[in-house]
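K.L.:
Copied straight from TrEMBL:
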- 7-27: transmembrane segment (TRANSMEM)
- 47-74: transmembrane segment (TRANSMEM)
- 48-238: domain 'ABC transmembrane type-1' (DOMAIN)
- 86-110: transmembrane segment (TRANSMEM)
- 122-141: transmembrane segment (TRANSMEM)
- 162-184: transmembrane segment (TRANSMEM)
- 220-241: transmembrane segment (TRANSMEM)
Amino acid sequence: MAGRWTVVAWLPVAVVLTAALIVPFVALGDWLLAGGVRFDAQRWWSALGATVWLSGVAAVVCTAAALPLGVLAARYRTRTTRMLEGAAYLSHGLPSIVVAIAMVSVGVLLLRPIYQREPLLILAYAVLFVPLAVGSIRSAVEAAPIRLEEVARSLGRSPLSAFCTVTARGAAPAVAAGASLVLLTCMKELPVTLLLHPTGTSTLATQLWGHSFVSDYAAAAPYAAALLVFAAIPTAVLGLWSANIGTGDGRD
């Protein structure tokens, strides 16, 4: 009886996994086969390189900006830190198209030298995605016992050295997980990238949108496949670290 209900319980899970994993790859395979030899390798490599570069820089910038905010939010719950954290999450809650249009206005009116250049696009990514890293950093710092830092200071460590060798070391997997999440989100972000990408630069997302817009799915398939494959890498990293945290391995 229990075995029968186990099968019934797994059926919805199997349906969801099939819809999420198998159907997209089957559809992409069909599009790729329909495309024949219509594959512009040079444009594909260019889009892939631009995507990895822009997303990687954005992940580093967002993580660097999130570090002090996450630490302050975890250790110093003052009105100022709550306001800063709330402002970060508020910007993340805005539709990306709203942020994109706002950044276009700011670029045209105030930041003309960097309009349609990489710095303005990275700034827009930071406005949207810093909270993705803040959450993981804050959780990791909150989970680290502050008494361990006190013990390190009692043994002659400076406050900064104690934090770096005790808390920061333990929080490193969470920091990397936050950076991976930002990387994944930036790779597939479309509205901001479409409106603010540097002149002459295309990403996987913009190429996918451009071909899909004219219903040329065969030409869009290589870009969609690249997004699926390369987005799976940070997703796998996030999953592994989550598993380590769940089993206690991440505390060693």
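In case you wondered, yes, glycine gets a Cβ from its N, Cα and C as well.
The structure displayed is predicted, hence computed values, not measured ones.
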K.L.:
Test the contact criterion for the transmembrane segment (122-141) and the transmembrane segment (47-74): 3 or more CB pairs under 8 Å, pairs 6 or more apart in sequence, then answer yes or no.
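P.N.:
Checked: the transmembrane segment (122-141) vs the transmembrane segment (47-74), in contact.
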K.L.:
Ranking 7-27, 47-74, 86-110 by the number of C-beta pairs under 8 Å to the transmembrane segment (162-184), which range is first?
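P.N.:
It is 47-74, which has the most Cβ pairs under 8 Å.
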